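Step one of this worksheet: look at the structure below.
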Amino acid sequence: MSKEIAKKRIEELRDLLNTFNYQYHVLDNPSVSDAEYDRNMQELIKLEAENPEFMSEDSPSVRVGGTVLDIFEKVTHKSPMLSLGNAFNEGDLRDFDRRVRQGIDDVNVRYICELKIDGLAVSLHYEKGRFIQGATRGDGVTGEDITQNLKTIKAIPLRLNEEVTLEARGEAYMPKRSFVKLNEEKEQNGEDVFANPRNAAAGSIRQLDPKIAAKRNLSMFVYGLANVEEKTILSHSESLDFLGELGFKTNPNRRTCETIEEVIAYVEEWQEKRPHLDYEIDGIVIKVDDVALQESLGTTAKSPRWAIAYKFPAEEVVTRLTGIELSVGRTGVVTPTAELEPVRVAGTIVRRASLHNEDLIREKDIRIGDYVVVKKAGDIIPEVVNVIFDKRTGEEEEYHMPTHCPACESELVRLEEEVALRCINPTCPAQIREGLIHFVSRNAMNIDGLGERVITQLFEADYIRTFADLYSLTKEQLLQLERFGEKSATNLVKAIENSKENSLERLLFGLGIRHVGAKAARTFAEHFETMDALVKATEEELKAINEIGEKMAQSVVTYFDNEDVLELLQQFKEYGVNMTYKGMKIADLQNVESYFAGKTVVLTGKLEVMGRSEAKKKIEALGGKVTGSVSKSTDLVVAGEAAGSKLAQAEKHNVEVWNEERFLQELNK
C-alpha cells in the first residue's frame, strides 16, 4: 500500500470510528456490531504502526490506553473550578431564590435544573476543535493532568464538530452496572472492592496506566462551558445545546423552570426517579439561566451566587448487626456477610450486607452486636458504612475469620496480592454446589425449574456432584425430593434434556472458567465453533482474538489442561450434549424470513449475552429498524437489566416487551 493510500485509509477509519463512538457513547444509538467496530479499530492500529508519520494525538486508537505515566503533572485552571453552595431542604431553596431576586432587583429570573452526577469533576481543553488537555478539579485552582486517561473515555470527543477553542467542564462517572461488574471481578480475584461508583470512577481516572482506565467503562456528562473563543453565549441552556452540537454528551434530563415552585417540583420528581438511573446522582444543581444575570450576581471566594446544589438526604439507616455468616463461592473465595435486623433502605427491606473480606472487618472494627450504619452502594448493594461506637455496651463480640473452610474444613489460603481468603480444595462441596447453580443459570444452560433450592436438594441427596451428573437424573430420583410431583418431575427431566441442544457459548459460560463471562464465552464460541477446537487452542491463539487478554487466555488454557475437565467433556459427549456454536453470524442473517422484518424495535438496559450494538446490527440484518425512543410506532421493546424509563413508556403505548432470553430465542430460530 502506498503512503498516499495509507494516509487516506487512516483518515477514513478515524472518521468512521469517531462516528461509531459518538453514536454509541453519546447518542446511545449504536449503528454497528462490536465485531465490526473492533475490525476497523484493529485495521487503524495496524496502519498507524506501519505509518508512524501519520500518527495523531486525536486518533480513536489512543482510547485503548497509552504509555504508563510516572506522575500526574499539575495544571493551573484558567478560571477557578468553584464549588457550589448547598441546599438541604425546601427552605434553603426558597432562601436561594430570595437572594437571587434581591441581587437583580426582582427582575424575572429563569432557572435551569440539572442532575448532580456523583463522579469526578474534570475540565477539558480544546484548541481549534482538538482535545489537547484534561485535568481534575483538584483544589479548584490547581488540578492534575489526566489527559491520557480521559482519552480512553469514549463519550469524550477527541475532535469536535467545529474548529473551536474552548474549555468544557463535566463529570466523569462509572455506570452502576459497570460498578457491580468491576466489584464482582475484584472479589473473584481476591482484590479490594470499591465502596461506591464515585470512588471507582476516581480510582480509575487516577491510574498511572491508561490501559487500566480504558477497561473500566467510564463515561462523562459535560455540564458547562468555561471559556470559548469567538462565540457569544446568552444562557446556560444555550451553552448546553452548543456543547451537544459539538459532539459532547450532555445530560438529557435538564429542565428550565420559571418559578422556584417548578424547581422544587423538579427536585421532588428526581428524588423519586433516582433509583432507576444507571448512574449515581447525589442531588440537583440549580442555576440562573441568563448569563448576563449570572455576571451581575457574581461570585464569592468559594462559590457562584447564581447557582446552588440541592443535596439529597443520605440513603443511610441504622440497624443492629446480629451475626456474621460465611459463604464459599464457586471460585473458593470465602466472603463474610453481615446478618442484620431487618431495615428499609432505598425502598427495599435489607437483612444482609456484604462485608467483602477480613481486612474490611478489622479496618472498621465491626463486632457482632454493634449498631451499624447501612446504605446501598450505588443504590444497589447493601453495605455496612461504619459502626456507631457510642452505642456500644461492652457486650459486643469481636469477630475472627476462620483458618479453615466452613464447608470442607480445608485450610484457607491468601494467594499472592489477594485480600480474600480462599479455599483451594477442588472437591469442596460448597464450591461444587455454587458451580452447579451457575451451570444451570439463565445465561448458562438455562434449565427451567432447576434453581438454587432444587440444586441444593439434589446435592444433599447425593444425586449430583458434577455438571454431567445432571444428565443422568431420572424422574424417579426427582420424585424422592420435597415438593416434586409427577408433573413437575416430568417437566424438569424434559428441561434438562432440552438443554443438551444449547449453543456452545452457553455451555462454555456454564463451566465457570475463571475470568470468562457470558460475552467472552460467546466470542470464543463464534471464533472456534466447536469445543474440540477451543480445547486445542494455544495461549497465543487465544490472545490474538480481539478483547481477549493474557489473564483470560492463561485461565482458559489452564482449565482445559486438566484430566478431570477432559473427562467431563467426554461425559457430555456420551450424554449427547451439543458442543458446537449454533448462533447465526451477522453475515448469515441476510434474506432470512424473520419476526423482525418491518418491525421497529427499541433496546434498553444491559444485555448480558450480546452487546446492544451487536443486537442492533442483527435486528437490522433481519429487516428490522432500531430506534432510541419508545413511541406509538414502536413494535417491540427488548429490555435488559436496569431498563429504566423506557419500560414505563412501553406500558404507556401498549408496546410488547421481551426480556433478553425471549429475544435470543427468536434471534436463533
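Here the Cβ of each residue, glycine as well, is placed from N, Cα and C on the backbone.
Here Swiss-Prot flags Lys116 as active site, N6-AMP-lysine intermediate. The NAD(+) binding site annotation in Swiss-Prot covers Asp34, Ala35, Glu36, Tyr37, Asp38, Ser83, Leu84, Glu114, Arg137, Glu171, Lys287, Lys311, and the record cites sequence analysis as its basis. Positions annotated as Zn(2+) binding site by Swiss-Prot, on the basis of sequence analysis: Cys405, Cys408, Cys423, Cys428. For 591-669, the entry in Swiss-Prot reads domain 'BRCT', with the evidence type sequence analysis.
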Quiz item: Does Lys287 (NAD(+) binding site) have same-chain partners at least 6 apart in sequence with Cβ under 8 Å from its own Cβ, and which are they?
Solution: Tyr111, Ile112, Cys113, Glu114, His236, Gln294, Trp306, Ala307
Self-check item: Secondary structure of Leu84 (NAD(+) binding site) (DSSP, helix/strand/coil)
Solution: coil
Exercise. State which of the following binding-site residues has the fewest other Cβ atoms within 10 Å around its Cβ: Leu84, Cys405, Cys423, Cys428.
Key: Leu84
Quiz prompt | Alpha-carbon spacing, Arg137 (NAD(+) binding site) to Cys428 (Zn(2+) binding site), which is rounded to whole Å | solution = 49
Quiz item: Tally of helix, strand and coil residues over the domain 'BRCT' (591-669) according to DSSP?
Solution: 26 helix, 18 strand, 35 coil
Self-check item: Cβ packing number for Cys408 (Zn(2+) binding site), 10 Å threshold
Solution: 15
Practice problem: Measure from the Cα of Leu84 (NAD(+) binding site) to the Cα of every one of the recorded positions Lys116, Cys423, Cys428, then give the nearest. | Solution: Lys116
Practice problem: Whole-number Å only: compute the distance from the Cα of Cys423 (Zn(2+) binding site) to the Cα of Asp38 (NAD(+) binding site). | Solution: 38
Exercise. Check the Cα-Cα distances from the residue listed as 'active site, N6-AMP-lysine intermediate' to the binding-site residues Glu36, Cys405, Cys408 and tell me which is shortest.
Key: Glu36
Practice problem: Let me know how many other Cβ atoms fall within 10 Å of the Cβ of Glu36 (NAD(+) binding site). | Solution: 16
Quiz item: In Å, rounded, how far does the Cα of Cys405 (Zn(2+) binding site) sit from the Cα of Glu36 (NAD(+) binding site)?
Solution: 46
Quiz prompt | Packing count at Lys116 (active site, N6-AMP-lysine intermediate) (other Cβ atoms within 10 Å of its Cβ) | solution = 22
Practice problem: Calculate the distance in Å between the alpha carbons (Cα) of Asp38 (NAD(+) binding site) and Cys428 (Zn(2+) binding site), and round it to a whole number. | Solution: 40
Exercise. Tell me the Cβ neighbour count for Asp38 (NAD(+) binding site), meaning other Cβ atoms within 10 Å of its Cβ, over all protein chains shown.
Key: 15
Practice problem: Compute the centroid of the Cβ atoms of Cys405, Cys408, Cys423, Cys428, then list the same-chain residues not in that set whose Cβ lies within 8 Å of it, in sequence order, for the Zn(2+) site. | Solution: Val328, Gly332, His404, Pro406, Ala407, Glu409, Ser410, Leu412, Asn425, Pro429, Ala430, Gln431
Quiz item: What is the pLDDT of the domain 'BRCT' (591-669) when averaged and given as a whole number?
Solution: 81
